[in-house]
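Undergrad: This is the structure I have questions about; it appears just below.
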């Protein structure tokens, strides 16, 4: 080493000499090439700093930087010095320069880089595979899964490619950047939305990518989440289904005080069969939805034919099967199609349409089965559709619509009002006589101030959100704001379920993305409750799940009309969510990790 003149206290004169010596990273089995590749912006900044602040002396290629000629350089972890009123630090242990952000770069977002928790490539690959399974198991937005995994692989320095299929993720990973071959992994998992677990997965994902914890610790946390049982037992989830269906019957389907208890009981039985019988028996799981819809329609038709019109068939049957409506599946498929994920989007939307047809046909079969058993009810059902108080006219008539021109018809023509007394007092498909008691009338409008937050809370708890959590009031607040916007748009634009749903989705998308960007919460979990509320609300505005049919043609088309209404609602929700996301992320810095929202 070249000696310099020293001062009285033994310290060398002038600035410390800058050289390159052998790196301790090379002895630690850490590839210097791949590491410097990940620290491109920091390495460039440190090289500029070194050339301006220090005097390099014949560096050797492929080694790290250190300071020589200073006695304290071997004991201290960092060496600091001051130049141009700026204090700078240089790491001596790891060879990685630690340079503070200059004043001209303050406020700029630096890319995420793993510096503290450097781990082996196999550990990072295990974290990516475990993350894939957790996202599939807890109902993450499928159109975001590939981008999330790709962002995680890039930041962790693991060269990997991901292909997402329904319930399957195919991962191709290399053991090293120069390896000519790659290993392929298949990750398969099925599950429903679990809001608390999904929020915890997002926290682990964010901590690993922000270098707060290592990949091995993140893998252990994800493995623990996957092994945990649902946070609520079976009986409590059935109780949540009972009160949730009762509330949605009153708010969206015009049910009375008597109707809500029957619809809640049907939903409770449905939830029990789905979580217990269908889970244990694979054979019954194939016919679970059809059998449940037949039972609900049979019970609703039987109660609606009690003399006196005490119960409403449309309200009970619609609210009774609202838990198994594939609204979330159709919404996700529409989002995937908008994201240009054609394969998954096409498969999901075809499955959801066929599933809806099965559900509609099951409701029709259950209703007709009771009408076959009770002939009195069948006769009364079709007699009520016959117009009364006809005005008869005798003579010869000529068709004016051009179908049979200039051919007179002789006979008797009966004219009557198209709507009878029962049809004039229909409220969302239910006959409500103004002279009836309060418990046979629909709920007044001011009860929505209590019922909408109640249903939002029950829906969040039904999707496995913990009661004692900060996210629960946020979900309820966003859901209420979305419902208010949806209700206001339905008054201005009646009959346009797509535009009305788009307005509600725009509001909740705006709130959810702002909550994620400004406060740092999880956008997806805060928006799920409100988005799921838009689907039954939009279907109710289009006529409900079940519609009254009077002929075989109407009976056949009732299942198709339900599927078309659900697609219309999902399309509107998709447009609203994407527009709100565009407005929120149009300005400001770019996210380093993938966007975890709809």
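Cβ coordinates come from backbone N, Cα and C, glycine included.
Not my notes, these are from TrEMBL:
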| type | residues | note |
| --- | --- | --- |
| COMPBIAS | 14-23 | compositional bias 'Basic and acidic residues' |
| DOMAIN | 127-369 | domain 'Threonine/serine exporter-like N-terminal' |
| REGION | 1-25 | region 'Disordered' |
| REGION | 50-77 | region 'Disordered' |
| TRANSMEM | 234-254 | transmembrane segment |
| TRANSMEM | 285-303 | transmembrane segment |
| TRANSMEM | 315-337 | transmembrane segment |
| TRANSMEM | 349-373 | transmembrane segment |
| TRANSMEM | 523-542 | transmembrane segment |
| TRANSMEM | 562-587 | transmembrane segment |
Undergrad: Any chance you could find the range in 234-254, 315-337, 562-587 with the most Cβ pairs under 8 Å to the transmembrane segment (349-373)?
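TA: The stretch with the most close Cβ contacts to the transmembrane segment (349-373) is 315-337.
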Undergrad: What same-chain residues lie close to the transmembrane segment (285-303): Cβ under 8 Å, and 6 or more beyond its ends?
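TA: For the transmembrane segment (285-303), the list is 262, 266, 269-270, 273-274, 277-279, 310-311, 313, 316-317, 320-321, 324, 355, 358-359, 361-367, 369-371, 374, 377, 546.
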Undergrad: Within the domain 'Threonine/serine exporter-like N-terminal' (127-369), what mean pLDDT does the predicted structure show?
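TA: A mean pLDDT of 88 is what the model gives the domain 'Threonine/serine exporter-like N-terminal' (127-369).
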